[in-house]
Amino acid sequence: MNVTAFNRILTVAFFAVLFILPLVNSDSYIRHISIIAIMYAVLVSSWNVTLGYGGVFNFGHMAFFAIGAYATGVMTKTFDVSPWWGMPIGVVAAVIASVIVCLPVLRLKGIYVILVTFAFTQLCLQIVLNQRDLTGGNFGLVSIPPLEIGAFSFRDFQNAGYYYLALLLLVVTLLAMLWFRRSHFGRSVIAFRDNETYAISRGLPLAKVRLMTFMFSAVFPGAVGSVYAQYVRSASPDMFGFSFLTLALSMLLLGGVGTIWGPIAGAFVFTIISELLTPLGPGRYLVTATLIVLVLRFFPGGLAGIPEFAGQLLKGRSGAAGDPAMLKDEK
């Protein structure tokens with residue numbers, strides 16, 4: 001069995017398990033953790049577009065998630081827009097925000113991109129805190145209307161509706177990432193990451209590619225931010241905070257930057273381990289940080305690099321076993 005076939009089987013098995021999980025387990029706590037892990041997977045996978053494939057550290061990515069949540073909450077609660085318009089509104093708001101933050105950094109590099117995108121996030125936070133009538137200020141936006149279909153609420157049956165909606169978002173995100181990785185657009189983004197001077201010499205437009213990268217990556221946090229706000233029925237200023245950003249970054253580093261499956265694996269593993277270590281209190285952060293350091297120390301490619309490492313190890317052993325020189329030495 002080749003690697004491609006194995007990956008396809010693994011993908012189908014992974015999503016099959018996620019699909020049947022609510023059917024065999026109705027525990028509300030496990031359901032909640034599963035929904036959060038799936039949403040994190042969508043969020044981190046989309047951040048991987050700019051950070052992993054584009055090589056651009058965009059602090060504003062977490063702001064796109066928060067903007068999607070707040071835009072949905074304000075429009076559905078304050079202006080009485082149908083909750084079903086929440087996701088389109090969140091996506092549009094996040095994409096518009098991505099254009100605003102990208103324009104100043106079109107030709108910037110390194111620390112300057114970080115500073116500008118971080119300043120944008122803080123600006124959004126200040127707007128949220130000051131517009132109390134719309135956003136709730138420090139207390140956040142609460143009582144956001146949930147999604148409903150007739151008499152059925154997505155919160156019924158231990159949030160089964162939100163679980164499958166989040167799972168659908170993850171499937172769409174994975175397909176989008178696969179398309180991106182193989183498309184001319186994706187190859188252009190990677191070309192600028194690897195050698196910007198060479199990419200420009202080949203006629204690739206830096207400003208256009210970077211703007212499209214920001215806009216493409218903003219679609220998914222806008223969508224999942226909208227669903228998150230309707231799931232927990234609130235939007236908090238903490239969503240713009242540094243702690244939330246470091247959490248998502250830890251998941252991405254743990255899983256593997258610049259890979260398809262790495263962000264998804266990192267989101268699930270980090271979420272599950274964090275929950276298992278809850279009895280340790282603040283000490284769990286030390287344990288998870290140590291775990292990340294150990295993984296990156298022995299597997300620089302993150303969790304996504306473990307299968308390749310194992311394959312090389314097995315290949316090396318089989319090669320050594322069949323090496324005539326080795327057999328001669330044994331004799």
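Including glycine, each Cβ sits where the backbone N, Cα and C put it.
What TrEMBL records for this protein:
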- 36-56: transmembrane segment (TRANSMEM)
- 63-79: transmembrane segment (TRANSMEM)
- 85-106: transmembrane segment (TRANSMEM)
- 111-129: transmembrane segment (TRANSMEM)
- 162-180: transmembrane segment (TRANSMEM)
- 211-232: transmembrane segment (TRANSMEM)
- 244-273: transmembrane segment (TRANSMEM)
- 285-306: transmembrane segment (TRANSMEM)
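Residues of the same chain lying 6 or more positions beyond the ends of the transmembrane segment (36-56) and with a Cβ under 8 Å from any Cβ of it are 18, 65, 105, 113, 163, 166-167, 169-170, 173-174, 177, 180-181, 186, 189-190, 192-193, 210, 213-214, 216-221, 223-224, 227-228, 248, 251-252, 255, 257-259, 262-264, 266-268, 270-272.
The stretches the transmembrane segment (244-273) and the transmembrane segment (85-106) do not meet in space: the count of Cβ pairs below 8 angstroms, excluding pairs fewer than 6 apart in sequence, stays at fewer than three. 85-106 is the stretch from 85-106, 111-129, 162-180, 285-306 with the greatest number of Cβ pairs below 8 Å to the transmembrane segment (211-232). A Cβ distance under 8 Å defines the sequence-distant neighbours of the transmembrane segment (63-79), meaning residues of its chain 6+ beyond its ends; these are 43, 85-87, 89-94, 97-98, 101, 120-121, 124, 128, 134-135, 141, 143-145, 217-218, 221-226, 228-230, 234-235, 239-240. For the transmembrane segment (285-306), the residues of the chain that approach it from at least six positions outside its boundaries are 250, 253-257, 259-262, 265-266, 269-270, 273-274, 277, judged by C-beta separation under 8 angstroms.
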